[in-house]
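Undergrad: I'd like to ask you about the structure that follows.
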Amino acid sequence: MRTPVILVAGQDHTDEVTGALLRRTGTVVVEHRFDGHVVRRMTATLSRGELITTEDALEFAHGCVSCTIRDDLLVLLRRLHRRDNVGRIVVHLAPWLEPQPICWAIDHVRVCVGHGYPDGPAALDVRVAAVVTCVDCVRWLPQSLGEDELPDGRTVAQVTVGQAEFADLLVLTHPEPVAVAVLRRLAPRARITGGVDRVELALAHLDDNSRRGRTDTPHTPLLAGLPPLAADGEVAIVEFSARRPFHPQRLHAAVDLLLDGVVRTRGRLWLANRPDQVMWLESAGGGLRVASAGKWLAAMAASEVAYVDLERRLFADLMWVYPFGDRHTAMTVLVCGADPTDIVNALNAALLSDDEMASPQRWQSYVDPFGDWHDDPCHEMPDAAGEFSAHRNSGESR
């Protein structure tokens with residue numbers, strides 16, 4: 001049986017949550033911190049009511065902080081699994097760490113532990129049981145609507161939105177109605193509780209469809225978890241869909257409306273000048289990025305389609321329209337202050353006109369202001385600042 005792992009993320013009150021979880025017999029808390037000079041790993045457990053702690057300084061792997069933390073954590077998870085007195089592992093994340101890439105690494109990054117351990121990911125021995133994110137609502141909402149940047153180039157909103165969105169349990173302090181309305185739509189699969197007293201109870205009653213470390217892809221449903229679709233004051237989910245492509249320059253101008261009064265935008269885009277590529281747009285607060293998400297099925301050879309997820313193929317069959325196949329745009333925009341009508345009108349105006357649709361031979365000549373996007377070389381692990389990176393654009397980042 002695999003050992004359950006709980007990740008605790010957030011900006012505030014994570015110490016209280018890990019302290020509450022530590023009280024259960026058999027729980028080990030693991031924490032990594034980089035002080036600018038040394039990576040330190042700390043573990044804590046309770047034995048007959050006595051707190052037992054250890055602290056170790058780690059040797060840098062390849063001179064890289066991120067590699068050091070990743071390699072040590074993944075190996076440590078597998079070793080802790082073998083200990084008879086360990087029934088649960090709690091990973092206490094640094095404040096600006098995002099849980100999604102860590103869960104991905106647990107499931108996919110191959111590690112070599114040593115004699116007696118088969119090579120493979122940590123998921124051979126452990127499973128992500130839950131992600132707990134601590135949210136101080138008074139601070140969280142302004143951070144998640146803002147455009148402040150961290151030293152590593154990510155925006156504050158990218159982290160705070162990502163931490164909350166990926167949670168199975170949201171632990172709130174200073175809850176207020178607007179922030180709660182946003183969180184219910186941002187993380188509809190998560191349970192919400194106030195304070196730390198009921199954390200264990202909430203973890204025991206997670207929804208059956210909770211993430212538990214599973215990552216959405218650009219091709220999964222955008223409204224997974226059935227968020228509330230009715231507006232709650234200035235908070236609402238705006239849905240936009242289209243079966244004709246965007247003009248890249250007009251879309252580039254329109255996305256400015258997604259950077260003010262918007263918490264989160266996610267969506268698949270069909271750009272006229274990139275007929276083969278699914279473009280993925282994602283925003284958090286005042287930051288936005290676009291990246292390629294592979295080919296449309298209509299642009300694939302039969303041998304490529306055979307390897308595509310069955311759910312995506314079935315969805316494509318339902319919406320297939322000659323001559324464009326499964327090409328489409330589908331977006332969801334979580335607004336908190338922005339005018340939904342303005343957003344929909346701007347996106348509609350960015351679509352090709354009837355005259356432009358009649359001249360597909362011209363589409364490839366459209367100027368593309370979005371630039372060349374690529375994966376950061378260490379996209380699944382923290383960079384030198386000790387944080388995790390995602391897709392990053394060398395030319396266009398808003």
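Cβ coordinates are placed from backbone N, Cα and C, and glycine is handled just like the others.
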Undergrad: Checking feature assignment: motif 'CXCC motif' per Swiss-Prot, candidates 64-67, 100-103, 268-271, 388-391. Which range matches?
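TA: The listed stretch tagged motif 'CXCC motif' in Swiss-Prot is 64-67.
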Undergrad: Using DSSP, what is the helix/strand/coil residue split across the domain 'CobW C-terminal' (235-351)?
TA: 40 helix, 46 strand, 31 coil
Undergrad: For a three-state summary based on DSSP, what are the helix, strand and coil counts in the motif 'CXCC motif' (64-67)?
TA: 3 helix, 1 strand, 0 coil
Undergrad: Helix, strand or coil: which one is Arg70 (GTP binding site) in, per DSSP?
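TA: Where Arg70 (GTP binding site) sits, the three-state DSSP reduction gives helix.
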Undergrad: So what's the average pLDDT for the domain 'CobW C-terminal' (235-351)?
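TA: Taking every residue in the domain 'CobW C-terminal' (235-351) and averaging pLDDT yields 97.
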Undergrad: List nothing but the largest Cα to Cα distance in Å, as a whole number, among the residues Gly10, Gln11, Asp12, His13, Thr14, Cys67, Thr68, Ile69, Arg70, Asp71 that the record says bind GTP.
TA: 27
